[in-house]
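Visitor: Pulled these features from TrEMBL for this protein:
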DOMAIN    B:20-244  domain 'MacB-like periplasmic core'
TRANSMEM  B:21-41  transmembrane segment
TRANSMEM  B:287-309  transmembrane segment
DOMAIN    B:293-406  domain 'ABC3 transporter permease C-terminal'
TRANSMEM  B:342-364  transmembrane segment
TRANSMEM  B:384-404  transmembrane segment
TRANSMEM  B:425-448  transmembrane segment
TRANSMEM  B:673-697  transmembrane segment
DOMAIN    B:676-788  domain 'ABC3 transporter permease C-terminal'
TRANSMEM  B:725-744  transmembrane segment
TRANSMEM  B:759-782  transmembrane segment
């Protein structure tokens, strides 16, 4: 088991009414799973993902994550730092973890090699296509060898060919043992995963 | 990590060239101003510190009481020096009597130059720790010696060693050079002391000095006294010891003024030379304070710009903060990152500022009448500059760093992020502060200007145009009044000539002992005395309000008095013409009253004065140039005539209007400096406003696009974007006006003759600020308003 959520609630007060963003969420994730969170717009998918990633808090309930340091994020709009090159973007998480310079070089080189973007390492994000930017985003998420990858509609801004490539990559990573939770609208993308959690109005309707 | 911070800082700087230029440029300007002001203040507060015994040197001054008021004087009686040496020897290292320093003719062969100098007792050289190039500190022990400055030596003797050379002082005293001292730094009281001759020579060559020695005259104060107290003893305790030395020696009538001696320490000479009722009321130090405050404010304004622009840019940086936090950065790491960014900016600004300072220092020196050199190799300066840089980057960088690093990543990344109200309030507050400071500075500058104008336009009481004065520095013209006057008038260079004991721009002597009918016995009058020739009134064109001018047709006029209006009021005499005033054991009839002649400070009321005929004591020649001749032709003719009567004198003259204008030099210098700094303050504020406006326009580009699509005109949009800034500037006006009023009221109280602070001063400052704001903001507003709305909407 990698994480466990028990009776989790998150709400906002709007005009005297309590609006539930997450309502009695209850599930566990085991190591090696590939979970897709699905549901219509506003059903709480991203909120749930943010809570899992500890980017956002909650009001009530219990949440246990067993390997706190090891989460990698992948965003729909990539969220690369515009002022940094491909190489530097991938390297940044290592800087925060205070890896030694030689070690950083080896890890980044390895990652560039793995995603076939060695030739692009000195380019800035604006000089890349969407698919390439998302590759860099994934490389950056993977560089610290996370146990869990959280991906918020990772292919939302990509065309179908690029989407397939990214999803194949996720499948491959999952096969290598990385646990993945993705938020998606697409049945096709969800099919890459091993389990689907359906949300509606902040509630799990099927698991 | 640091390397990484600087890398991203550098790329941000390059990518936002406009903002960076405003940010760094503004900061550099602010720092340059601060460095200049710092150098200026350093120069002021190290005044006289070149003297090794700086801490222990003092001048003996005296408070004298008359009519319930204490006045502070620099003049000392002859016997005081010897008395201090004899009775208080254990308190003083050196006691040095000195003449008042003035211009004297120095001659070597047929070379004659005019140099400022004086006669001092031999210890002067050691006390002032003069740097001797030739000779030593014993140079004044022989009464026929002279010690001269390096500059004087250069003019008279060239580069050779002048020890032993013979020369003459005032065409009268033969002396031998016994020493040459290095020129004193520009910021010293004695900077213009170009020669020192022995006190004994002074005593033996001038009868009036000899008399005051021979008769042990405690009641004639005509000299200065400098002392150096024994190291380790205390100025005020020595002051209280010698307090009554003069009083105790005075005859009964002299005790009335109750003279109290005290030591005026050298460290206060330059900056604290004002006295009121026996109390030191500061002096130039107030300008040191004023400029320190201005300097700090200018730096503050530049820092405010920096903070404002950085927080304004925060939305751009917000995404970066969100990403960094989501991939593992701690808040502390982000703070460090933003602080190193601000540090990098500050370092660039500092380098730019230093270059600026080096470039403008010569102009600044000229403006401020200083000889400040750029302290390349001064450790304190380096430390101070880096100190300023670190302080600035902390002040300017801390808010953006704390603000940016506290963004919550989830809000930022979701795209719902908007910079909060608190940030925009902070920014608005800063803009208000900037404009408040700028408006205060502008009001201050206008009031100083107004005060100067007000004093310049005072009635003079005489016609100063075409008037030339010459000082009779030697006795060459003695007894030649009539010949000289005839020759000059015949040459047609002048239309009138006369002599006087004081120049037109000063009253050099004043006296008491006047008695008149109706005078209260307790009233101790002190009246300025000007000894003149019969033709004085005609020469200067004074205006009689009562009675008549002096005339050779009435032989009794030799004892007659003409008072100015101020004196008549001061003495309380009604119907003065024909009344008798008793003075110097003689009756004097009042024959006329003249309009007040503005001779002393243009910022003070005219002093009560009496004019009387005396041809003996006059040391100034006054000439009214012939208006039908050109000035240069007249001057050439005058020179020819004068050379005929005194061939060894250099022809040195002053125009009265120029000399009068010099009375404003200090105030005008302050005005120029203050107005330049005010200009900088406004410019820096505008720079910030410009950046902020452009940022706001950019932020609201979508809103502007939509408004345009639904039919807003360019004027509507301009109003929309300018409105906020106008409100802020109006608020700044409301805050600034009372502060400026209070401050300037205080400043004006330094002057007895003062202008008023009219409402239009504030109107000009306020409206000026508004116009400048509108111009600054409009550029951005109009640019945003005319842009194509489709483009703006598409970017969303």
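From the backbone N, Cα and C atoms, a Cβ is placed for every residue, glycine too.
Since this is a predicted model, take the numbers as computed values, not measurements.
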Visitor: To the transmembrane segment (B:725-744), which of B:21-41, B:342-364, B:425-448, B:673-697 is linked by the most Cβ pairs under 8 Å?
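Guide: By Cβ pairs under 8 Å, B:425-448 leads among B:21-41, B:342-364, B:425-448, B:673-697.
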Visitor: Can you tell me which of B:21-41, B:287-309, B:425-448, B:673-697, B:759-782 gets the most C-beta pairs within less than 8 Å of the transmembrane segment (B:342-364)?
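Guide: Highest pair count goes to B:21-41.
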Visitor: Which residues of the same chain, at least 6 past either end of the transmembrane segment (B:425-448), have a Cβ under 8 Å from a Cβ in it?
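Guide: Contacts of the transmembrane segment (B:425-448) (Cβ under 8 Å, skipping residues fewer than 6 from its ends): 294, 297, 300-301, 304-305, 307-308, 311-312, 399, 667, 670-671, 674-675, 677-678, 681-682, 684-685, 688-689, 692, 724-725, 728-729, 731-733, 735-737, 739-741, 743-744, 747-748, 755, 757, 761-762, 764-766, 768-769, 773.
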Visitor: Take every residue in the domain 'ABC3 transporter permease C-terminal' (B:293-406), average their pLDDT values, and give the whole-number result.
Guide: 84
Visitor: If you run through the domain 'ABC3 transporter permease C-terminal' (B:676-788) with DSSP, how many residues end up as helix, strand and coil?
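Guide: Helix, strand, coil within the domain 'ABC3 transporter permease C-terminal' (B:676-788): 96 helix, 0 strand, 17 coil.
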